[in-house]
Amino acid sequence: MELFDNHKSLYRTAFLLFVILTVFVAIIPAMNNQRNNTPLPDAPALSPAAVKGKALFVSNGCVACHTQQVRNVDMDKKWGSRPSIAADYADNHRTDFWRNTATLMGTERTGPDLTDIGTRQPGEDWHLTHLFNPRIVAPASVMPAYPWLFTEKKEAAKNDVVVKIPDEYKEEGTVIVATLQALQLVAYLKELKQVKLPDGTEIPAFLYAKQPSAANVANGTAAGAPDGRLYTLIIVRAVISRTEKD
Amino acid sequence: MRVLPVLLTAVPLPLFATPRGRAFFSTDSIDGLLFILLSLVTILLVVAIALKVRTEMMRAKNTARRPVFDTTKFNEYISALSSKSIDAYLTLKKRKQQKNNGALKGMLLILMAGGVYSLPAGAQQIDAKPSALLQETGIIITLILLLIPIVAGVILMAVKVSGLIRRRTRERNLEEATVFADYLTNPDDPVIEQALEQRKQALAYHLHNKELAGEAAAEDARGLVGNINLHTGLSVVAQKQRARQRPAVDPALSKLVMWYLGCAAFWLLFGTTVGEYVGIKFVSPDVDHLSWLSFGRLRPVHTNAVFWGWASLGMLGLGYYVVPRVSNVPLASLKQGRWSLILINAAVILGSVSLMAGINNGGGEYREYIWPVQLLFGIGLVITLYNFINTIAVRTTKEIYISNWYIVAALMFALVISVVAYVPWWQDGLGETIVQGYYMHQGVGMWFMLFTLGIVYYFLPQQLNKPIYSYSLGILAFWAQILFYTLIGTHHFVFSAIPWWLQTVAIVGSVGMVIPVAAGTTNFIMTFRNGWYKIASSYTLPFFLVGIIFYFTGSLQGTAEAFRSTNLIWHFTDFTVAHSHLTMYGIISFFLWAGIYAVVPRLSGKEAPQITVGAHFWLALIGLLFYTIPLMYGSTLKGIMWMQEKPFIDSVIMMAPYWLWRAIGGSLMWLSHLFFAYNLYKMILGDDTTDVKGAAIERLNQSYSEIESTL
Ligand code: HEM
Ligand code: HEM
């Protein structure tokens, strides 16, 4: 064919086809998504310590093994009280000039999902010990140890956070002290909590079509959300397409 | 005969009790399925047994090596010497040796070995309902796909072994004749000597073996004789045809291509050493406690090094050879080619170091390098694209050969993908994730797969020495691939908070991918038509064949993974990892090796030792199967455990043996890469005695002197 014997028209055609498809399956949906979603009213912003902690979570590549998404399927019920919705991620913006947005949804669950780890595991002590070496608290775990987030000292200073470590995991006669970084990382983990849906509004029932128990969660939330209707709209938008699901 | 009861007990008897009112062979009946699987397994078994029998035969023959003649008996025969009786004697003797006793002995072993795979460690904890599971279309597809490479492997092995046996039989016959002749020329018995003398004279009267050849020394004016193998030992690998010398390639271009391939090999070694180490960390998480070597940081070092270092540079290196060649003009600019190489290498070096130092882009897979680093890579691609288009623009052929469609399109698309992935305007919130799905899948499908297909469209016909089966099928596959592949990015986030319609589009597109995959596979397989015999005598074609098989099975496995029902089980498990390696390793890496073994000897005139090429091939293939099959099995169990809401840690404990298998398979793959690196070294820098032409002349000389001495 004439068209295909001319390199200019051949490559232009292929290029255009690809770009048009790209615009429709990637760029427009992405832009729509960021335009149509705002964080839930009750969603607190991360504390400054937790923001630094999140950066540590990113730089150590924790996302290689931990997801942060609760899917609307039965097996994910244990990872949160409700499925994650687009609004849950809406507060993620570009990290800085060098780094892209980190929604940290993840693609592999070598370790447990962390969407709601702050609720599931609220203790700072547990987290610090676990980070120092996961096998102290979960013998079968394959998670790496992060000893470089701690310092080994002969004696703890006044403000030091001493981590409880069994003797076989450290030199005798020393104490393990958490560094600022360890505390920041733990602050982030503790703030990873699913935000309750705003109350005083209709419950988008289809969200819980498969999870009757989860409806209680929405009922039990505190009253007084500023503009419940608006946010319901957001939630409804975020999950509207799910209604098609049987 | 011992085997029969074993086989019988292995057959589930209820199988034959068809439930009333139900077709035995309906696809939704478990029995029908089991029957299909069982038939496949039976075929496998038969092939294995046949192989075993033949190997026994060969062994039996070998143990009877250098037969000692029973002189008394022999004398009886020889006293009545005539050509007929000699013949009878020889055949009798041969028959005796051929009698195979206990050939079936090893069969129980084979059966037992087969049982190993059905040994689910920790399966006791899982009360899976196999019947329901087996009815999932995705699972069925996977099971069948799984069998394909195994069957192909066995067949390939069978072809090789039978070739070996045939050769060995021929040698063996020759050997017998030699021994016999020795005996005839050196007997102690004067009577026999006399008889033989007469016989010899009689024979000499008929033939002095020079009627046809004449007295003059043999001459091979066209250099056609190059594959004589006279050493009689049982060689480990069959002697393959050597690369054919082609019209000279511009030495500067040769050098450029070899630099690309050398760098690619370096990144393969580096990247898979890291991969192997990362795999070991699943088995032994406390091997080190260094931040730079911790799992989360090393994993992207592995994936990015093999993506941008190994596979990309390997493809580009071959592309730099293919594009000018099929355009029939020299490359537009060598200098730009060198710049591209430098930039890409710089990106991978800087990227690996920064990832280990904890600097990354934010967690999206394969875009872990921060933008200034990936920008270097991007500029490298822009330069190459510009260079290739300039080359194609002045081509002397009217058509643009299909390879150049694929290669240039891949470069353009890779740039579009990178721009979309790195520009910040549409990356807030889930926008990032939608773009991530798009990027991740276009990366593998539009960059690696498309480019590699372009390479195969050039090298496969060339290695088979015939045109591609259907040019238009290749064009159909090209457009279908663009259409469907672009749509399927979001299948990485099925059930997530991403718009449901987008997920559905992705799933539909994933099924649509059957079209280009089937078209491509058909095209390649049909190109092989009437040329299958060439596999046995080529060391590049087996790599192509494996690549084609995984192109089909690996891609369709992706389709199987995309259905909601199967994604529910497999998503988030190690199944994805198995798929990644079946494709990036089984397809891309095997095709690249095929191309490299085909092209480098042409550029350098040197070849790698065939035995180490064989070692590379088999270690890589077997390693890959060890890596992926247990992982797929284990991750299916894992998904089922999750569905049954078992404690999470139980699924981690259950995976332990499968992760060990992965480490073992990974070690074999890694070892194969050492062989590959050695081969590449031999092909590029090896000493001159392996020079193709030189070696051929040497071989000719050697064979002449041997022939002469026997005359
Ligand atoms: C010696 C050979 C290799 C070994 C031992 C190896 C090992 C590994 C390991 C342990 C992982 C991490 C899996 C996880 O997090 O659960 C991985 C991931 C990966 N490897 Fe390899 N690898 C090897 C070769 C390759 C090659 C040659 C390629 C590509 C050309 C490759 C591409 C990938 C990809 C794409 C992933 C990410 C998988 C995913 O996210 O699903 N690997 N590899
Ligand atoms: C018909 C074609 C294909 C389809 C439909 C397909 C489908 C899929 C699906 C559904 C997943 C995600 C699995 C999950 O996360 O649960 C996936 C992952 C993947 N596929 Fe494919 N695949 C195809 C071909 C290929 C090819 C040709 C390659 C390589 C050249 C490839 C490389 C990968 C890789 C590397 C991943 C892992 C991504 C990650 O890290 O999460 N696939 N594929």
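Including glycine, each Cβ sits where the backbone N, Cα and C put it.
According to TrEMBL, the transmembrane segment annotation covers B:33-51 (among others).
Annotated transmembrane segment per TrEMBL: B:102-119 (among others), in sequence order.
The transmembrane segment annotation in TrEMBL covers B:139-159 (among others). For the transmembrane segment (B:139-159), same-chain residues at least 6 beyond its ends with a Cβ under 8 Å from one of its own Cβ atoms are 27, 33, 36-37, 40, 43-44, 47-48, 50-51, 133, 535-536, 542, 545-546, 549-550, 552-553, 556-557, 559-560, 566, 586, 621, 625, 629, 632, 636.
Taken from TrEMBL, the feature domain 'Cytochrome oxidase subunit I profile' applies to B:251-711.
Taken from TrEMBL, the feature transmembrane segment covers B:252-270 (among others).
Under the heading transmembrane segment, TrEMBL lists B:305-323 (among others).
Residues annotated as transmembrane segment in TrEMBL: B:339-357 (among others).
Summarising the annotation, TrEMBL assigns transmembrane segment to B:369-389 (among others).
Counting same-chain residues at least six beyond the ends of the transmembrane segment (B:401-424), those with a Cβ under 8 angstroms from any Cβ of the stretch are 315, 319, 322-323, 326-327, 364, 367, 371, 374-375, 377-378, 381-382, 384-385, 388-389, 392, 435-436, 438-439, 442-443, 446-447, 450-451, 453-455, 457-458, 468, 471, 474-475, 478, 482. According to TrEMBL, the feature transmembrane segment maps to B:401-424 (among others).
Under the heading transmembrane segment, TrEMBL lists B:500-519 (among others). Through the fold, the transmembrane segment (B:500-519) approaches residues 434, 437, 473-474, 476-478, 480-481, 483-491, 493-494, 551-552, 555-556, 558-559, 562-564 of its own chain, all at least 6 residues removed from its boundaries and within a Cβ separation under 8 Å.
Look at TrEMBL and you will find B:531-552 (among others) tagged as transmembrane segment. Note on the transmembrane segment (B:531-552): residues 145, 148-149, 152, 156, 159-160, 163, 238, 240-241, 456, 459-460, 463-466, 517-518, 520-521, 524-525, 582-583, 586-587, 590-591, 593-594, 597-598, 610, 613-614, 617, 621 of its chain, located 6 or more positions outside it, place their CB under 8 angstroms from a CB of the stretch.
Same-chain residues lying 6+ beyond the ends of the transmembrane segment (B:582-600) with a Cβ under 8 Å from its Cβ atoms: 149, 243, 257-258, 261, 264, 268, 306-307, 310-311, 314-315, 317-318, 321, 444, 448-449, 452, 455-456, 459, 462-463, 539-541, 543-544, 546-547, 549-551, 553-555, 557-558, 606, 608, 613, 616, 620, 624, 628, 669, 676, 679-680, 683-684. Look at TrEMBL and you will find B:582-600 (among others) tagged as transmembrane segment.
Residues or ranges marked as transmembrane segment by TrEMBL: B:659-681 (among others).
Beyond its flanks by at least six residues, the transmembrane segment (B:339-357) meets 256, 259-260, 263, 267, 270, 292-293, 297-298, 300-301, 304-305, 308-309, 312-313, 316, 368-370, 373-374, 376-377, 379-381, 383-384, 387 of its own chain at Cβ-Cβ distances under 8 Å. Across B:252-270, B:369-389, B:659-681, stretch B:252-270 shows the highest tally of CB pairs under 8 A with the transmembrane segment (B:305-323).
Confidence for the domain 'Cytochrome oxidase subunit I profile' (B:251-711), expressed as mean pLDDT, is 91.
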